Amino acid sequence: MDRTRKWASGLGVVLFIVLRQLTLALEVPLDLPQPPTITLQSPKDYIFDPRENIVIHCEAKGKPHPSFSWTRNGTHFDVEKDSKVLMKPGSGTLVIDISGEKAEAYEGTYQCTAHNDHGTAVSNNIVIRQSRSPLWSKERNEAIVVQKGISLVLQCRPPAGLPPPVIFWMDNNFQRLPLDKRVSQALNGDLYFSNILPEDTRSDYICYARFPHTQTIQQKQPISVTVLENSPVGERRPGFMMPLGVTSTKMVLRGETLELECIAEGLPTPEISWQKDGGELPTSRLSYQNFKKTLKISEVNEGDAGDYRCTATNSLGTAHHVIKVTVKAAPFWVSAPRNLILAPNETGILTCRVGGVPKPKINWFVNGVPIENHSRKVDDDTVILSNVQSGSSAVYQCNASNEFGYLIANAFVNVLAEPPRVLTPPNRVYQVITNSPALLHCASFGSPIPTITWFKDSQTSIKNGDPYVIHENGTLEIHVAQPLNSGKYTCIATNNLGIKENHVYLEVKEPTRILKQPEYKVVQRGMSAVFECKVKHDPTLIPTMTWLKDNGELPDDERFEVDTDSLIIKDITDEDEGTYTCIMNTTLDQDSASAMLTVVEKPDPPTDLELTDQTERSVQLTWIPGDEHNSPTQTFLIQYEDLLHQPGVWVNLTEVAGTSTTAQLNLSPYVYYSFRVLALNQVGYSDPSQPSRQYRTNPAAPDENPSDVQGEGIEPGNLVISWTPLTGFQSNGPGLEYRVQWRQKDVDEDWSSKTVANVSQFVVSGTPTYVLYEIKVQALNDYGNGPEPEVVIGYSGEDLPLSAPDSVQIMVHNSTLAEVHWEPVAAPSVRGKLQGYKVYYRRERGLHETEEDAEQQDQVLTFSGNRSEGRLPGLQPYSLYNLYVKVLNSKGEGPASPSKTFETPEGVPGPPSFLNVLNPSLDALSLEWGPPVNNNGRLAGYTLKYQPVNSTSELGPIKVMTFLANETTITLGNLNSSMLYKFYLSAKTIKGSGPTITEEAFTAMDTGESYVHNICSPTEPPHPTSPITQSPHPPFHNGPAFGTVNTSLSGDGAVIRWEYFGHHKTFYVEYIVENSKEDWKKELVNGSHSHMIKGLKPGTSYRVRVVARDPAVPTVHSTDEVVVAVPAAPSRQVDIATQGWFIGLMCAIALLILVLLIVCFIKRNKGGKYPVKEKEDAHQDPEIQPMKEDDGTFGEYSDTEDHKPLKGSRTPSNGTVRRDESDDSLVDYGEGGDGQFNEDGSFIGQYSGKKEKDTHEGNESSEAPSPVNAMNSFV
């Protein structure tokens, strides 16, 4: 806006201009003229220590530098006349030396004035007062004697100090008196007892006052209090000791702290609670002190006024007191006046807005003098300066006051005409983190105030709006900086006196982020812990990793190892427990993460074991748990030591939960107990506690009998009775013995009895063989017998069986399995516990043999239990076997049954013993084999199967041959040469064929006159082979269907033979001169696996391959390429040009042509049609017959312009015939090609076109072999 225009009428325009001036108010550079500005002054209320100098601060700036003067109590204070007062050079600060002087002489109200050519600024009124700590007035305190239960107040009444002292109560030993809900100290320092108790009796209740400025403490005379109990006061409802009455008032100033206090008496001691009637307490600024007897609200505002209710409550009732709070306010700034920089003829406004209760009065001054100049319009809190002129700079003062205080502010008006200048340093680089705000400063100065504009990268003008905000002070803010905001920024400051620009740079960096935070660790003492902290940060910023423990530095201990991204703590101790924080700092940001370390250890042993509730058979054990070391105790294990029977051996008695500290223990008689306890946590068991005291139980009769009682004879005629003896702990008393009783079962007889000492067995002799006995074993000692024992069944000793099984019979199921039956042996003859039966059998010989096999061993099968049959598997067919059976008990085997023999029928034979291939030739192989090792019957003959196998392991048709038993050789003929054959041979009996043995062999390779080798893949160098090459495993490129490829030469050409097991029906032989770039020649093969290529040039090598294709299947298969070298041979051809028949033919053709030319000439002269054209007109077949291949003559042709293509030729749409592209690819036979098949399987289309082209190979003409082209060229 034009700042040179004159002031326009209307307050709205004035306010707009002035508000802009206020908003854009700037600091004036110190090299420009400006009125004084006070930069430092002492507080309004200055209390000094008389032991130190008085220092009253007053600092100011301005151009020229201001001079200073002071007033004291409203009159000029001549500093130079007082030698004790020093004003600092270049400053208005006063230093008053009060040593040796009365400090009171310098008390008063001081004000500083700073003046230069452009105005005068004044300071606050600074009240200087000396701190005071007066002595306590001497008084004699009467001793206080009260009855128990009444309330009591001990008054402090400290002397008035400056500032007020801090009060506290102590005893003669300088120990603070304990305070609680019953005994409390009021804000005024008095000590209140809600109800007094006998323990409150003492003679040294002393009130102390500490004066903070002088650091002195004074004490009141001790007060003696004696509490009597002869007439105590009973319980009562609460009542308020302070404040008194039902209501009270409290005034507080805005911004100060409100302190409300309620102290109640009563018995029991009352509880205090607070609430605000009709409103909520400000919880964010609220605090309670002195056991909720004091309510504090900080930063009081007008909304805190109201009625505050304190309630005292005990079991007998409640009491209420309401404190009415009013809030007043000393003057406070709403908007303090700000400096103005105006250009000549501009208009400005100063505002001084203040608040306060009551409303403050505002007075304006200029250069410290009340405003009277009519050029300035004063309207309460506003001064309007119209059409200012050079030289009218001044300092204005606003003074606002009410009964609670005052405010004074200086604001200068500086009239300048200055071109813009940018105060922000040039080329400053700002670095911020992505997604954080960026502030690019453009601090400027000028008068009139410059207008700021911004550009990015010296091109883009920046306007207010997302993402940019241009503040009125010129700062450019980007709320959420992104990497694309990086770059160069230019700010331009402009006013009517000039223009100035400045460049700054913004770099937006990647944020620092902790990718892997440290994790909570629970570590046993003495182990190691590793905290990981992996961080990602901007690569251009230098990171610094810092580790903290509990927000402090790590201990200076070599056990702490800080690595790049981890913290290792070795040999951990209890002191290492805490919170560990990794902080990654860069110059711009930081990230942090924390984790707890908990140090655990096995528990400390329990202590203080104590035995209580002692009885004959039980006792209660209690203990105190040890330190759990951060791992809760899971269980306690109680162990005992039997000092009588097993001293030094600790036995587990019982376990209890980890939350228990007692255990009820069941005891046994006649034991000298000592107990100990172990604690178990997650780490392990603690060390044992110290043993408890010894506890002895009295002897008693046994509570139990020996266990595991058994009766078993170990020899015929005896019975061994055994048991597990009782331990000394189980004996329950001295003199432990055992009463052994036995009798034969199911026999009417008395028990036999024998008392034995503390042993574990007793032998009864003279018993019958293997009979049942009833057995009992009872424990007894000097104090009585144990309980009645249980009866156990036992057996007397066994003997070998007497009898063999009878009626042994054998059933043969098949050639390898038989079943044997027998009559079981009677129980008395077994003479022991039946274990089962054993069947012994042995192969004597084969049925086709005459002598027994002496090397055969007996085979044994055991059938457990009371069995009468069993199966014999795995027998050898066509054999004679011998068999007998024995019964078995625990003592051993009985006699054998009579032997039985049986025969097994014939089975299938074993495999032939060998199969060898002999004398392989081109088309024959000889085989030789041996008979089976095990015929398993009468050998009937052999079966031979064989089949060819191609290079991809695909099997050909199988052939079968049979032979007599005496035939072991055969020669196979009519085989393919260089072919792999697989043979299968088996022997047979009347039961069938046995297992097969196999063999593989190749027939010999074919021979011929040509030298043939494979064209190998690039990774394998070519290698010569024999003249006839077979490829049993060719490198496969386009399919696995082909097998061996053979080539040979004959007088008429090269013969190609191949194996093929695929499903394709049509084959092509393709060939090309080796190292030639010509197209492949193709010849169709119909229905066979061989083909002769004729017309090969002697002395030339050809590359040959075979291709298979089926019209119904898109897949194309190809063999590897083989090279056929045609040897050079003397030419036996007859020169056709010398043959008589050829000369005669050529003459006839020349004559015929001459006649045709004459006829044509005559016809044309007569205007007749060209005979060929007539014939063409009569032709209805659109297809023109091609050149005849046998005699080289041409068929009819067409002279029409469209030149229809001949059958088999490929003609472009433009009417020309192009040469076929190279066909050196199997794509010609692939899906989507032009070629098709006739019904007879012959290939037409592309292949026929190719063939015609091949017919004209060697001609120099580049024309395609089209008959039309040929005729055109001929004519």
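Placed from the backbone N, Cα and C atoms, the Cβ positions cover glycine too.
Per TrEMBL, the feature signal peptide maps to 1-25.
According to TrEMBL, the domain 'Ig-like' annotation covers 36-123 (among others).
Counted with DSSP, the domain 'Ig-like' (134-224) comes out as 3 helix, 36 strand, 52 coil. The domain 'Ig-like' annotation in TrEMBL covers 134-224 (among others).
According to TrEMBL, the feature domain 'Ig-like' maps to 238-326 (among others). Shown for the domain 'Ig-like' (238-326): DSSP residue counts in helix, strand and coil, namely 6 helix, 54 strand, 29 coil.
What TrEMBL lists as domain 'Ig-like' is 331-414 (among others).
For 420-507 (among others), the entry in TrEMBL reads domain 'Ig-like'.
The domain 'Ig-like' feature in TrEMBL is assigned to 511-598 (among others).
Confidence for the domain 'Fibronectin type-III' (605-700), expressed as mean pLDDT, is 93. Annotation source TrEMBL lists domain 'Fibronectin type-III' at 605-700 (among others).
When Cβ-Cβ distances below 8 Å are used as the criterion, the compositional bias 'Polar residues' (686-697) is approached by residues 602-607, 609-611, 614, 616-617, 619, 621, 623, 626, 639, 641, 643, 650, 667-680 of the same chain, each at least six residues removed from its ends. What TrEMBL records for 686-697 (among others) is compositional bias 'Polar residues'.
The feature region 'Disordered' is assigned by TrEMBL to 686-709 (among others).
Annotation comment: TrEMBL describes 705-799 (among others) as domain 'Fibronectin type-III'. As a summary of secondary structure, the domain 'Fibronectin type-III' (705-799) carries 4 helix, 47 strand, 44 coil according to DSSP.
Summarising the annotation, TrEMBL assigns domain 'Fibronectin type-III' to 804-907 (among others). Counting residue by residue with DSSP, the domain 'Fibronectin type-III' (804-907) contains 4 helix, 55 strand, 45 coil.
According to TrEMBL, the domain 'Fibronectin type-III' annotation covers 911-1007 (among others).
Per TrEMBL, domain 'Fibronectin type-III' is recorded for 1039-1129 (among others).
Annotation source TrEMBL lists transmembrane segment at 1141-1162.
What TrEMBL records for 1171-1275 (among others) is region 'Disordered'.
Look at the domain 'Ig-like' (420-507): DSSP puts its residues at 3 helix, 51 strand, 34 coil. Below 8 A, the CB atoms of the domain 'Ig-like' (36-123) and the domain 'Ig-like' (511-598) form no more than two pairs separated by six or more positions in the chain, fewer than 3 in all. For the domain 'Fibronectin type-III' (911-1007), the DSSP-based tally of helix, strand and coil residues reads 0 helix, 56 strand, 41 coil.
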